[in-house]
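**Student:** First the structure, which I've put down as structure tokens, then a few questions once you've had a look.
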Amino acid sequence: MVSKYPRSVRGCLPLWTLMLQAALIVIFFFFASYDSFIEYPEKVVTQGAVLQDMVVMAALGLGFLSSSLWRYSWSSVAFNLFMLALGVQWAVLLDGFLENPALEKVFIKLSRIQQATMTAMSVLISAGAILGKANLAQLVLLVLMEVTAFSATRMISQQFLSADAHVSMMHIHVFAAYFGLTVAWCLSRPLPREAEEKDQRKTSPSLFAMLGTLFLWMFWPSFNSALLSIPDERKNGVFNTYYALAVSAVTAISLSALAHPQGKISMTHIHNAVLAGGVAVGAPCHLIPSPWLAMVLGLLAGLISIGGAKSMPVCFNRVLGIHDTCGVHYTFGLPGLLGGITYIVYLTSWYKDPLIAFQMLYDIAALSLSLAMGLASGLLTGLILNLKIWKAPHVVKYFDDQAFWEFPHLAVGF
Amino acid sequence: MVSKYPRSVRGCLPLWTLMLQAALIVIFFFFASYDSFIEYPEKVVTQGAVLQDMVVMAALGLGFLSSSLWRYSWSSVAFNLFMLALGVQWAVLLDGFLENPALEKVFIKLSRIQQATMTAMSVLISAGAILGKANLAQLVLLVLMEVTAFSATRMISQQFLSADAHVSMMHIHVFAAYFGLTVAWCLSRPLPREAEEKDQRKTSPSLFAMLGTLFLWMFWPSFNSALLSIPDERKNGVFNTYYALAVSAVTAISLSALAHPQGKISMTHIHNAVLAGGVAVGAPCHLIPSPWLAMVLGLLAGLISIGGAKSMPVCFNRVLGIHDTCGVHYTFGLPGLLGGITYIVYLTSWYKDPLIAFQMLYDIAALSLSLAMGLASGLLTGLILNLKIWKAPHVVKYFDDQAFWEFPHLAVGF
Amino acid sequence: MVSKYPRSVRGCLPLWTLMLQAALIVIFFFFASYDSFIEYPEKVVTQGAVLQDMVVMAALGLGFLSSSLWRYSWSSVAFNLFMLALGVQWAVLLDGFLENPALEKVFIKLSRIQQATMTAMSVLISAGAILGKANLAQLVLLVLMEVTAFSATRMISQQFLSADAHVSMMHIHVFAAYFGLTVAWCLSRPLPREAEEKDQRKTSPSLFAMLGTLFLWMFWPSFNSALLSIPDERKNGVFNTYYALAVSAVTAISLSALAHPQGKISMTHIHNAVLAGGVAVGAPCHLIPSPWLAMVLGLLAGLISIGGAKSMPVCFNRVLGIHDTCGVHYTFGLPGLLGGITYIVYLTSWYKDPLIAFQMLYDIAALSLSLAMGLASGLLTGLILNLKIWKAPHVVKYFDDQAFWEFPHLAVGF
């Protein structure tokens, strides 16, 4: 396809990305330095291992999870790396400024890089919903907007709603899923009937997506326990996540066979529903005192996720006009809501203290805040991304070596 | 293919799996709780890392190892995850009950989950021999039977034959390989001549299988040293496994080139023989005091494995009628026997004490027990799996998105 | 293709490899034993984790990095494992002898196996330049020659040029890249015009290569900090590598889009340039006190790498006649030189001591030594590999299951 835009306009977008990278370096020059405090060697080892697990989940797991659509498998993995690398830099700065605005310097510690990696994962989750709908420059804006919005949400939760670091981070699934869905709603156009059918068919099931799923499945206990500092809570977090994941894997595979008229298993279901248990158990994982509760959560999450995967595409594609490319809604959104609600219910039923009523209201507010901020900032981002200036032609066909120029009508939308 | 069974029968099997999952949750509700004892944080970190290595080996390594047959690559990875998730739940319960039948509660600790993961790996090893021959409900029964049989074998070895936890676990390869082969023998029917040839040809060599092989290769030192608690023994275990694996990799690749009339390397050989060194060094790895002995074991294991891969298919397919889909016999069975025998010989030659004679008899008994239990419980499981009630039509073509309905005569057998 | 050589000659080469393996076992029998000193358990855990990271980088990362050429993807992964397994054995022996020639025994410690794995990675890096140009026996010689040359280079640097273990190891990129390029220059023949074009086209972009790239990207902080023993230096090493990698990922993806006339991203660029930041920051990573310097290095490395990828193939293929199959020069060579020069400049500008002038001269000498030894030993190895005796016919078509016999003219060269 020969581009209709002059060279200068097209050249501008990646150049703008480079400029942004240079600007980030200048900001780091003025405002960031390494923490001179020497941490205990053992703590460095432990935290280093957790950081590595987070990076594996972000770069490999989330990168390959959405690679099952062969038309976007390249973009999925490469753009995922791009957004992660950019998002971490921005999140480190932002977290530092928000945490202590009085200080003129951001001190970089292992724990801050780890939190920044987790914050940047919100972008990677959202990106699953708009895969193939945005170009490089649009993704840069998405990264900056979403990291800012999620960091702000977490800061508000922690400072005004007395949520702890763990719970405010665990709302990442709800925030990111609804952010992504709102952006996808802004970007999508009603597809012609035949394109939609082709879209359904083109999900060539990929072992690569299974690889991403497995990496997420294996390292999820690390993710859920990363911000828990009390050893006993951490242990409970790991165990409960482990059990919830095991049950949701069994549930997902059984239900997928049950839902199919000929008893076959759909790989798309498995990619998504296997992880639902880990998402759902996220917020309450440190409080659950015995495995059966985590297992029930895993079972419910698997049910919701498979149910969503069967009914959502019809509802979303037809009624709302949202095209959720990778099933972000029923992988992260609904199980995340289930987890948030469980956490609130659990707190209430456990403690009989009247003071708890306040805490419960706070927790409801924190969950609603994540949902509302996800929707609001997603809408804002989607509207900005829909402006004419972004509509460069290199949207659909990024990669040199593959010929996937098939849907000319898709390109019209951008 | 339109099924000949009514909807209700087909729907029953996955429903049965869900029921089993619900029953497991109920059992956990009554009989399991987390260990309230707070372990040392450092120990948690170490054991957590070992557990993660085991999960990577089980979910990724063994899942992708057998994905080289493209007809079964999907089933291999997804069913592997299913069996792992189910097997771990069952093994945790069973280990707890067998270890201390007097207690009415199973206390869940990190070390128990780790042992349960290793126990569940026996099912994943066996599954390589029956890949493509069993449906979801049959696999559920296989998981329950094999985990029970292997846990019982380990308990008998430890309580009556004074074997330690490490050695009784290292007989997993012998147990699982012969269990799988016996089940495969019960399930298989003599294939027509042309199908067999097609079967040979269809091993489209897959980089995914190589990925699984590499993950197993890299994490095998963790597996062999996981149950060694004395630091010096643990160190020796890691080193000896490392050396045995290095030598068996070199041996396997050289021998594969040597065995081929035109000096080419067969990927099937490499998938299997590269790991033989790690299997063979398993039982004696903590006792071997210098690297050359481990290297000799690696060399012998490579020789046996490649020799088996060249001669076994003929012998097994033609004479015994066993169709060992993934070469479980010469990857795990024969090298495992080599390791068990080496351990016994080594103990005898090392200690000159007359008391050792008893210990040697015990060790011979423990190895024979694993072999015999593998064969006996495999036969029992195979006979049950061969009953008419399992013969649902969704046996061969599980996955929606792939068309691999090629061998109508294969389906007749099920 | 039916071979023109008699059976005996062809059979000889793998047999020779087996003989070498047997000889190594005999050497280990006489000269190696395990270290009886019991290290602290915590240290074993930490070092074990670092060793595992190195093995993952070597076996998975470097193995899959060069698998993007589908004609060589099998050879790449399997030969990579072969060279790693052989190289580690040889490097352990050699390091032990060179470190303390007076002792008649080499004591094997965890730290020695780790250093040997890193030394063996030099072979894996070089192999990217000669992929598809050497047979199994030639690779054996390559392993022995290169490990010997690199160990000698490191020993000279450490004993005569007062370089520390970290810096002398970080020159691995420069050494290995120029070693590989010189060998490739000796082995290559001018290709006919149409083969070259086909060669360009055949880089079917592979998600497997992306997998290798990601594994290297994720574990590179471990590599750069593996030999730093002071906790503060180690922490700085990890942080600086992390930032350099993030910036070079953003730079590489942006520049690749900028360099393409239609704004598309080339996967080949990304495979290589994404890692350039980690290579460049290697030597000075423990000294850089603030993130912006590491980020500038990452930016420069990305620029150099993408610039090299655009201009090198023309220059190398046409003018010098070197055919650098996997872009080793601009992935490892040029960024490595950048890192070495940065280290020297940094030392000079930082310390105002006159004694530093000597140290700077020493450092320049150490970098030049690595470069010179790489070129010289590469030339020697290339000349030996070019002898008639190696020209067995099983050069191009190794693997049984794939039909990639396409370029008859390519085979003439070997």
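Quick reminder: no glycine exception, Cβ is built from N, Cα and C everywhere.
So TrEMBL has the following annotated:
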- B:12-32: transmembrane segment (TRANSMEM)
- B:19-389: domain 'Ammonium transporter AmtB-like' (DOMAIN)
- B:44-65: transmembrane segment (TRANSMEM)
- B:72-93: transmembrane segment (TRANSMEM)
- B:113-132: transmembrane segment (TRANSMEM)
- B:139-157: transmembrane segment (TRANSMEM)
- B:169-187: transmembrane segment (TRANSMEM)
- B:207-230: transmembrane segment (TRANSMEM)
- B:242-260: transmembrane segment (TRANSMEM)
- B:272-289: transmembrane segment (TRANSMEM)
- B:295-316: transmembrane segment (TRANSMEM)
- B:328-346: transmembrane segment (TRANSMEM)
- B:366-387: transmembrane segment (TRANSMEM)
**Student:** Can you tell me which of B:44-65, B:113-132, B:139-157, B:242-260, B:328-346 gets the most C-beta pairs within less than 8 Å of the transmembrane segment (B:169-187)?
**Tutor:** B:113-132
**Student:** Count the Cβ pairs between the transmembrane segment (B:207-230) and the transmembrane segment (B:272-289) that lie under 8 angstroms and are 6 or more residues apart in sequence, then report whether there are at least 3.
**Tutor:** yes
**Student:** For the transmembrane segment (B:272-289), find every same-chain residue at least 6 residues outside the stretch whose CB is under 8 Å from a CB in it, and list them.
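**Tutor:** Answer is 166-167, 170-171, 173, 213, 216-217, 220-221, 223-225, 228, 230, 233-234, 236-237, 240-241, 244-249, 251-253, 255-256, 297-298, 300-302, 304-306, 309, 327, 330-332, 334-336, 338-340, 342-343, 346-347, 350.
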**Student:** Cβ under 8 Å to the transmembrane segment (B:12-32), counting only same-chain residues 6 or more beyond its ends: which ones?
**Tutor:** 86, 89-90, 92-93, 96-97, 104-108, 135-137, 140, 392, 394
**Student:** Between the stretches B:113-132, B:139-157, B:328-346, B:366-387, which wins on the count of C-beta pairs under 8 angstroms to the transmembrane segment (B:72-93)?
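**Tutor:** Answer is B:113-132, with the largest number of Cβ pairs below 8 Å.
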**Student:** Given a Cβ distance threshold of under 8 angstroms, which distant residues of the chain, six or more beyond its ends, lie next to the transmembrane segment (B:242-260)?
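**Tutor:** Sequence-distant neighbours of the transmembrane segment (B:242-260): 217, 220-221, 266, 269-270, 272-278, 280-281, 285, 291, 294-295, 297-299, 301-303, 305-306, 310.
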**Student:** Based on Cβ pairs under 8 Å, which of the stretches B:44-65, B:139-157, B:328-346, B:366-387 lies most in contact with the transmembrane segment (B:113-132)?
**Tutor:** B:44-65
